[in-house]
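Taken from TrEMBL as is:
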DOMAIN    A:45-250  domain 'DNA replication factor Dna2 N-terminal'
DOMAIN    A:439-535  domain 'DNA2 rift barrel'
DOMAIN    A:595-693  domain 'DNA2/NAM7 helicase helicase'
DOMAIN    A:699-766  domain 'DNA2/NAM7 helicase helicase'
DOMAIN    A:774-864  domain 'DNA2/NAM7 helicase-like C-terminal'
DOMAIN    A:865-952  domain 'DNA2/NAM7 helicase-like C-terminal'
Amino acid sequence: VADSPDVILKNGLNNRYRVLEVSVRQRNGSDPEKHLTITASPSLEDTELCILRNGWESVPVVPGDIVHLEGECSSGTWVISAQSGYLVLYPDLLLSGTTISSSIRCMRRAVLSERFRDSELGSPQMLIGTILHDIFQQAVTNDLTQEKVQELANKIVYGQKYLKEMYLLNLKQAQIMQEIEEYLPSFFKWAEDFMHNPANQNKMQLKLSNGGKTEDVSSKIEVVDILDIEENIWSPRFGLKGKIDVTARVKIHCQSGVQSRVMPLELKSGKESNSIEHRSQVILYTLMSLEQRVDPEAGFLLYLKTGTMYPVAGARMDRRELMKLRNHVAFYLTHSTYKSDVGRQNSQLAALPPVIDDSQTCKYCSQMHNCFLYSRAVEQKMASVAFPPALVPVIDRETQHLKPSHLEYFSLWYLMLTLELQSGEHKKGYKNIWMTPSLEREKAGDCVGNVIRVGEVHEVSEGQYLHCFQRRNGAIPGTNLLVGDRVVVSGEEKGLLGLATGYVREVSATKVSCLLGRNLSNFPKNTVFRLDHDEGDVGTGVPFKNLSKLMKDCPVSERLRNLIIDFQKPLFIQHLSSVLPPEAKETVANILKGLNKPQKQAMKQVLLSKDYTLIVGMPGTGKTTTICALVRILSACGFSVLLTSFTHTAVDNVLLKLAKFKVGFLRLGRAQKVHPDIQKHTEEEICRSRSIKSVTDLEEVYNSQPVVATSCMGVNHPIFAQKQFDFCIVDEASQISQLVCLGPLFCSKRFVLVGDHQQLPPLVLNTEARDLGMSESLFKRLEQNQNAVVQLTVQYRMNSKIMSLSNMLVYEGKLECGSEKVSNATVNLPNLKKLKLDLGDASKTWLKEVLDPDTPVCFLNTEKAGCKPSDIGIISPYRHQLKTITDLMAKWKESRVEVNTVDKYQGRDKSIIIVSFVRNSTDENLGSLLKDWRRLNVAITRAKHKLVMVGCVPSLCCYPPLEKLLCHLQSQAMISFFSIIHKCNIL
DNA sequence: ACTCTGCATAGAGGA
């Protein structure tokens, strides 16, 4: 935490102070105080003092922390006390209203829920609650008459919107409608009691300040206008976020006259408890509202079952206690790991907030499993953590199905995931939206600011609004925003953060259009917006969820634990006859005809497997063809198949091939991410074209195809909670993080991983996590069970010379060419003769040599030439190099040549590949990129006919993989020297 | 000593 370079310090509305020193002052007799030496200057010079008293001294603040202060500051001294001021710890970590209110009862649960976000399954009551919210919100903004509300309820319950959830919970629409109808009379009662109406006689106690003095009297409350529903507020002042069910203009008639205020209404469909949790939520909304408007001082709790409305005052005392609670939760979330002061600087997992000793509460807790798991695997080893004695046997009993190896796996992966999460937050995070002006952020290309909305807003489908934005003056600046990227729309003005989120639909020189989740047409025409690229915190929830699931006490998880953690030997049956139905024999035989020997072997191995098979797909060995054939064979045998990969593109690559055969499949995942030719197989498209409107129909769609395809992250889909597949195939498996790869395996009896661990591994940002082994894919881990491995060694991409490099480097000669044709293929250069004439000049003989089709592999040594490596290239390990090359190519108006990183080229090929290795110095600072055998292997196995590598031989010999390659090239006389080159205008 | 894919979200109630 101490020296994060990207911390922005400043004063003002979103002031950010760094805490330099913390001291506790105990004056005799009086309460203790905490004195903080703080600074808002980046040089850390101008310091101020912050005094915490009346309970604020309990805030767990330490030197190095970033805080936001609210309240009075006089002559460089802030006082945060019972009466005034707030200290907000880590204010850029926005916590939701529900997280904080749930932490009142159990902070441990609140913290666990942030990590294991999706572990809570949901219940019928929750779904009914969501639907009731929707109906009420729409009704209150349009029409609250009986007829209209009934119509609306029908439209929503019998519409498409909640079908998935109903399917997941096994509920029928009629059941839901029955429950909903019981609520509707209360809607009208509420409207009669509180909507603007002279006959309205309601009276309630409401405490509001009025010109300095506080009145505590009965007031008549009238809702005069609904300003917004589901208003999203991000408050970097208080470190809070949340969505307000209903934002209303309310008239309060009291003795001293009429007041008008904009206030939050919180809807509840459950028991009319008026509980502290419910009230706290409202109080937090009153605080968040300060971000946008004057203090509402109070809000309302509206219980939909009875139509009763309770006023909730946002009293100073309650706000203060809730903010302290928020600081504690923020502390635990930020300090989830620590480095011990003694010994090596290894990160360790910290204790969670203590377990509460309340069996009544724990009995119903949705985080119980994770709570006990963490106690057993992590905390029981800590001397500092004491458990309530009665709980120890409970924890042991609930985790007794886990072996020590499982607990170790859990704590190691929990640590690695946490470290990686922290790295991700550092790099991404939303805080730039409020801490960095759009103009500055535009330079990095992650933002387009200063735009206004133009044209009409179109509701493309339910809850999807197409907006168009134009720069206020001039063209849209150069940006990295691409079609399909996620964006956050905010107002440039303070307080209008995160107004909507959505996707980029189109980017041109003059406008950006986005599909947003909210309609922004109610904002004044002249509102100035900014669009920020939303990198979000994707992929953090899924692995935590899968880790938790792997530790469950159920047969599926137990089997996976045995196979994956304990390396139980995968089993195979003896004879194909027992799996191959007689009627499928001919079809299977026909499919096999089109395959080579190792591919056939792979098919056989999969069919015989009882647990899993690993298919090593070396470069160009026809992985897609093999997977396609495998799916065809499996479905011919009557098996159901779940087909997944890390990326949507890879899933669609197989599907595009599969679509040519008579194999039906269902494609899940966001239609926008799916290949146009596959669109018609997506759930979205099928439901639209067949206008699916009932749970039964949806179920039919889900069960209609024996093959289901989606990305590994997409396995949160409700279908996977209900269906079991016979086989699961995971493509690109060597590039998928272990726990992400695990997701689809929970719903399948057997699995097949396809990959090549000699190519690039999963990306891990955090170096410590990487050192702990986080980049080990499941494919790599299981590869030690050699009996489950089949290798595809016959390749159809590279000619023999190019292939030989990789064979020498990593594959130990196992790769072979699929045919003579492949082996001898050379590049076709129709204009070569003409070009050669032009190159008559003797100084350009090197170029002749390089271009000669009979020289498939060539390494250009730039040592003597002294030319800048940046003059030539197509693939490079470095982004900067690519930028230089792209700029040069643009100058020559050449945009057809694809310039990209090695990493991005994985999985693809071209006829000619030029690799620019860039480095031209022999100093000690070696980059780590070129030390990776796998990256080099990827780089040299992309070319089919001609591979030209450019680099400085002595410089590159410092890297072991390149040294081995260059040695080989030298022995084969494949290295040339540049003559004098100033310009290169080939291609 | 620089390589980068994934994805909706806070809150829906229950004690």
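Numbering starts at 1 and runs along the chain as displayed.
Here the Cβ of each residue, glycine as well, is placed from N, Cα and C on the backbone.
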Recorded stretch that, among A:439-535, A:595-693, A:699-766, has the most CB pairs under 8 Å to the domain 'DNA2/NAM7 helicase-like C-terminal' (A:865-952): A:699-766
Helix, strand and coil counts within the domain 'DNA2/NAM7 helicase helicase' (A:595-693) (DSSP): 53 helix, 16 strand, 30 coil
Local confidence of the domain 'DNA2/NAM7 helicase helicase' (A:595-693) - pLDDT mean: 92
DSSP helix/strand/coil residue counts for the domain 'DNA2/NAM7 helicase-like C-terminal' (A:865-952): 31 helix, 20 strand, 37 coil
Residues in the domain 'DNA2 rift barrel' (A:439-535) grouped by DSSP into helix, strand and remaining coil: 5 helix, 44 strand, 48 coil
